[in-house]
Amino acid sequence: MESTTVLLATSTLLLVLHASYGQFPRACSTAQVLLSKECCPVWPGDNSSCGEVSGRGVCQDVVPSNSPVGAQFPFSGIDDRENWPIVFYNRTCQCQGNFMGYNCGECRFGYTGPNCTVRRNMIRKDIFRMTTAEKDKLIAYLNLAKHTISPDYVIATGTYEQMNNGSNPMFADISAYDLFVWIHYYASRDAFLEDGSVWADIDFAHEAPGFLPWHRFYLLLWEREIQKVTGDDNFTIPFWDWRDAQQCELCTDEFFGGTHPTSNNLLSPASFFSSWQIICSRPEEYNSLRIICNGTNEGPLLRSPGRHDRNRTPRLPTSADVEACLSLTDYETGAMDRSANFSFRNTLEGFAVPTSGIANRSQSSMHNSLHVFLNGSMSSVQGSANDPIFVLHHAFVDSLFEQWLRRHQPSLDVYPEANAPVGHNREYNMVPFIPLFTNGEFFVQSRDLGYDYDYLAESGSIEDFLLPYLEQARQIWQWLLGAAVLGGLITAVIATIISLTCRRKRKTKISEETRPLLMEAEDYQATYQSNL
């Protein structure tokens, strides 16, 4: 009864929506704007472009990254997403201070207030620590977003060439939820080549350094969109801690839908999500017709947890797998793609064995293993965001990224500046977002972006105190080891001299009091070395 009440109340909510995020601002989808290549909408607060009169931002030329990219995509100038968003727009709003948005009408993450000067930190909770009312509200919010047309954004239904270079706009309305399904599809879709074929080894959101910053930004935008659709500024994305899970704990009618009694691929009719229609789930069809997903409904949400290829994914990640992954010190290595060894990013993404860090294309682990395990809409990269479990899964992946950032304290220079796969260099604008943000801007700790995770916030104070000392220890451990070896040699020499001059005294019985002290010292050194 409580769940029904929440759903009805939320469904009848009077919406007052403001600037949003996504792909193409509705205000920039006309032929006039596309031909001018200037996407600098007016901020209603002062009726000036980008809120310039109020000092919120200015309309500026887009300056794409000129750093060389990797060899994975050996083409240039054939895909609309290259040097984003130059193909569509070469001028956009550049917001100042703590302002943000396609027209600088909002606050940056972590700030609020009329002038975006009030600092704010939100906590994302483990879904299994949420109250019944909170869970019901989450489901109601998702349903509302699924059935509410985004007032500020539209999706492209054709390439720039198919739009006749802007003179024939091809855009469509989309719901607030499906907007983010489409964004995930568009960033990961294959590229159309000039000879009529497609190039599959391209992805602006996966299989490269940008995987974690891109999804961090994506989740923040998704979270804020839900806040706007519902009018609930306190909403945060929950997460699913899947460490050591033996089954899909969220695949029940209480959460995101149990299994249909007569079909293993469908959801239980008792679940609200059984009526959901999915989009962008037919990449082979789009490629053969050389079309872009247009947001048309393509059938029910599919999920069949545990009925997957167990040779590829024998089990879900364990706590030991997670800890082994977090212990990797290098964010990115080698070719910076799915072949990277000892790369934290590649291991967390699931292309490398967590216990060794060695890439293995025959196995799907960590993040990838959940997509394979759920065995349905989640198992297709381009359409995986159709399943609402996607958001909770990626929120936990983001929390592991956060753990790594806090543990290793990397500088921005750790994120590769050049030679990463196309779209993944540090200064590359993330595809397909407007307003523009680079990969490097989200290679920062979550608290700098105004949010935290409940299980990290609870242990954060002790961790924050110890981290500087642990980092210093990591930096000097080799020096300490060398000093210990040198000290041992000196001690041996001195011992030899004493031995030659004091043979008789060496025969004296060692007192019982000294033995435990020496043993304790040896044990301490062994523990210290193993900890390092």
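Placed from the backbone N, Cα and C atoms, the Cβ positions cover glycine too.
What you see is a predicted model, and the numbers here were worked out from it, not measured in a lab.
DSSP assigns HIS215 (Cu cation A binding site) to a helix in the three-state reduction. Look at Swiss-Prot and you will find HIS184, HIS206, HIS215 tagged as Cu cation A binding site.
Under the three-state DSSP scheme, HIS394 (Cu cation B binding site) falls in the helix class. What Swiss-Prot records for HIS367, HIS371, HIS394 is Cu cation B binding site, and it gives similarity to another entry as the kind of evidence.
Among the features that Swiss-Prot reports, N-linked glycosylation site is placed at ASN90 (among others). Within the same chain, residues at least six positions away from ASN90 (N-linked glycosylation site) with a Cβ under 8 Å of its Cβ are LYS37, GLU38, ASP61, VAL62.
What Swiss-Prot lists as N-linked glycosylation site is ASN115 (among others). When Cβ atoms from all protein chains are considered, those within 10 Å of ASN115 (N-linked glycosylation site) total 14, not counting its own. Under DSSP, ASN115 (N-linked glycosylation site) is assigned to coil, being neither helix nor strand in the three-state scheme.
For ASN165 (N-linked glycosylation site), applying a Cβ distance below 8 Å and a minimum sequence separation of six or more within one chain yields no residues. Here Swiss-Prot flags ASN165 (among others) as N-linked glycosylation site.
Taken from Swiss-Prot, the feature N-linked glycosylation site covers ASN234 (among others), and the record attributes it to sequence analysis. Counting every protein chain shown, the Cβ of ASN234 (N-linked glycosylation site) has 8 other Cβ atoms within 10 Å. According to its DSSP assignment, ASN234 (N-linked glycosylation site) is coil.
Applying an 8 A CB threshold to same-chain residues 6+ apart, the list for ASN341 (N-linked glycosylation site) reads THR333, GLY334, ALA352, GLY357, ILE358, ALA359. The N-linked glycosylation site annotation in Swiss-Prot covers ASN341 (among others).
Per Swiss-Prot, N-linked glycosylation site is recorded for ASN375 (among others), and the stated evidence type is sequence analysis. A coil conformation is recorded for ASN375 (N-linked glycosylation site) in the three-state DSSP classification, outside any helix or strand. Cβ-based neighbour count (10 Å, all protein chains) for ASN375 (N-linked glycosylation site) stands at 20.
Summarising the annotation, Swiss-Prot assigns signal peptide to 1-19 and lists sequence analysis as the type of evidence.
The feature topological domain 'Lumenal, melanosome' is assigned by Swiss-Prot to 20-475.
Residues or ranges marked as topological domain 'Cytoplasmic' by Swiss-Prot: 500-532.
Here Swiss-Prot flags 476-499 as transmembrane segment, drawing on sequence analysis.
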8 Å Cβ shell about HIS184, HIS206, HIS215 centroid, Cu cation A site members excluded: ALA187, SER188, ALA205, PHE211, TRP214, TYR218, VAL381, ALA385, HIS394
Nearest of the binding-site residues (HIS184, HIS371, HIS394) to ASN234 (N-linked glycosylation site), judged by Cα-Cα distance: HIS394
Average pLDDT across the topological domain 'Cytoplasmic' (500-532), rounded to a whole number: 31
Of ASN115, HIS367, HIS371, ASN375, HIS394, i.e. the recorded positions, those within 10 Å of HIS215 (Cu cation A binding site) when Cα atoms are compared: HIS394
Neighbouring C-beta atoms (10 Å sphere around the C-beta of HIS215 (Cu cation A binding site)): 23
For HIS184 (Cu cation A binding site): DSSP state (helix, strand, coil): helix
Under 8 Å by Cβ from HIS206 (Cu cation A binding site), same chain, sequence gap 6 or more: SER188, GLU349, VAL381
Between HIS184 (Cu cation A binding site) and HIS394 (Cu cation B binding site): CA-CA distance (Å): 12
